[in-house]
Amino acid sequence: MAKSKYEYVKCFEAEEEVMYPNIIVVQIEGRDFGSFSEKHGFEKPNDENALNLMNACAIKVLENFSDVIFAYGFSDEYSFILNKETTFYQRRASKIQSIIVSFFSSTYVAKWKEFFSQKELSVPPSFHSRVISCASMEVLQAYLLWRQTECHISNQYNTCLWKLVFSGKSEKEAKEILKGTQKQEQNELLFQKFGINYKDLPQIFRQGSCAIKIKVDDIVKYRENGSPVKRPRKKAVIVHSENIATKRFWNNYSCLTEELGSFAEGINKIKPEYLRSFLFESRLMLSTWIVVRIDGCHFHRFCEDNGFQKPNDEQALKLMNSCAASLLEMFKDIIFAYGVSDEYSFVLKKDTLLYQRRSSEIVSAVVSLFSSMYVMKWKEFFPEKEFKEPPYFDGRSVCYPSSKILRDYLAWRQVDCHINNQYNTCFWLLVKSGKSRTEAQSSLKGTQTQEKNELLAQFGIDYNGLPIIFRMGSSVFLDRDEATGNDRVVVEHCSIIETSFWKEHPRILDEEESLPTILRPHSNKMLRLS
């Protein structure tokens with residue numbers, strides 16, 4: 001298909017590859033999950049249904065992505081470990097972490113009713129994700145020891161805290177009582193004051209949960225004599241262990257030693273600061289426009305499975321727009337969004353300090369929340385349909401140094417919208433007229449805009465008469481409501497290539513505040529370097 005003059009903007013995209021043979025770990029963690037737990041009435045200090053929901057999502061990740069072979073989780077956190085030889089998405093960090101957190105988020109919403117049948121999901125769950133690049137098996141072993149130790153420490157403290165609160169203390173008083181206490185003192189408090197032996201608490205609370213693939217024999221059919229025919233396969237299961245960072249635990253599961261390697265006999269505790277040094281993280285350049293672009297993963301299959309209309313399903317596009325509008329309402333730093341098909345680009349303020357401009361936190365928050373919203377809003381747009389598998393998206397962040405280049409980026413996406421829509425409209429008309437897909441592709445090979453318009457005319461279609469949402473895509477932004485004087489999120493279908501749009505809406509790319517807050521005189525905001 002034709003290329004546009006705006007494609008030069010692709011040179012600003014950078015891929016961060018996790019170098020082989022480093023082991024890739026994707027850690028996800030609930031975003032503002034304290035508030036989420038309060039709103040949904042989770043039990044304190046642990047809600048077993050909520051933990052089982054997290055575990056079910058982890059199992060689904062292992063089932064869906066063959067390269068993920070082990071996961072460890074507790075509370076609102078999960079760490080996913082990919083096999084050592086993985087070439088999953090060419091080991092690109094942003095792709096890997098965004099895909100896993102997106103799939104986990106949409107699965108969390110899809111499975112909510114299995115674990116909370118009496119509770120409505122009132123707000124969308126979302127998660128941060130990051131990549132840890134473990135340089136050796138020793139680092140991975142230390143990482144798992146660190147996370148399981150953190151599980152124990154936080155669970156023991158929270159158990160004491162909430163027992164004190166339930167006994168009549170305020171949270172402030174309970175925290176003061178526990179201030180400076182160690183493991184032994186907390187055990188004594190639980191036993192002497194509440195008659196609780198900490199070791200008798202459920203394993204899932206004390207030890208966390210492991211999602212792991214084991215080899216099983218499935219019965220695929222029966223012979224005439226009634227004997228079963230079995231076929232080996234890998235099945236993801238949840239297990240609990242007191243110490244997952246030991247050679248003994250590791251050697252119990254052949255898939256771990258085969259696809260990762262062996263653990264040492266024992267390992268000393270390592271300071272978290274050392275392990276954080278393996279965090280695969282970058283901060284996005286100050287005083288640049290940040291764009292987060294998300295794309296549907298395997299959406300051709302998702303569309304086929306759910307019977308979306310070809311070449312465009314207007315309800316599916318409106319669902320995407322509704323999710324984008326929700327993100328602008330939730331993230332005040334997102335000032336504009338443009339979407340087409342299964343793709344959306346979100347523009348953040350040039351001076352944003354959202355998440356200290358950490359790329360992984362920004363991308364994961366956007367893609368996770370979008371994925372959750374997509375599943376939550378599904379029934380609004382497809383009340384008669386149940387999707388077969390959760391949808392998910394990948395995401396990336398790109399920095400653009402000037403408003404002109406940013407506008408050229410958005411123009412590139414809109415030109416692509418036109419090129420792809422015109423081609424797909426012709427393609428599906430040919431297929432519906434009786435041609436095979438191969439024949440339709442051959443007929444369109446090398447054709448230009450005018451030739452496609454002539455082909456459409458043969459079917460009685462004026463391309464410019466097609467719904468504007470198909471031809472122009474969707475722009476989402478804040479606009480002033482003249483009646484109330486308040487800002488509101490609007491969705492428009494118009495040309496953003498022409499300068500007239502930006503002149504009509506000068507507030508969107510207002511560069512009067514082009515310097516980041518940290519560099520402005522008399523600013524109280526400071527960018528932390530931790």
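Yeah, the Cβs are placed from backbone N, Cα and C, and that goes for glycine too.
Residues or ranges marked as domain 'tRNAHis guanylyltransferase catalytic' by TrEMBL: 6-133, 273-401. Here TrEMBL flags 139-225, 405-485 as domain 'Thg1 C-terminal'.
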- Task: Would you report the average pLDDT that the model assigns to the domain 'Thg1 C-terminal' (405-485)?
- Result: 94
- Item | DSSP-assigned states of the domain 'tRNAHis guanylyltransferase catalytic' (273-401) in counts, ordered helix, strand, coil | 55 helix, 33 strand, 41 coil
- Query: For the domain 'Thg1 C-terminal' (139-225), what does DSSP give as the number of helix, strand and coil residues?
  - Reply: 55 helix, 14 strand, 18 coil
- Message: From the DSSP assignment alone, can you count helix, strand and coil residues within the domain 'tRNAHis guanylyltransferase catalytic' (6-133)?
- Response: 58 helix, 30 strand, 40 coil
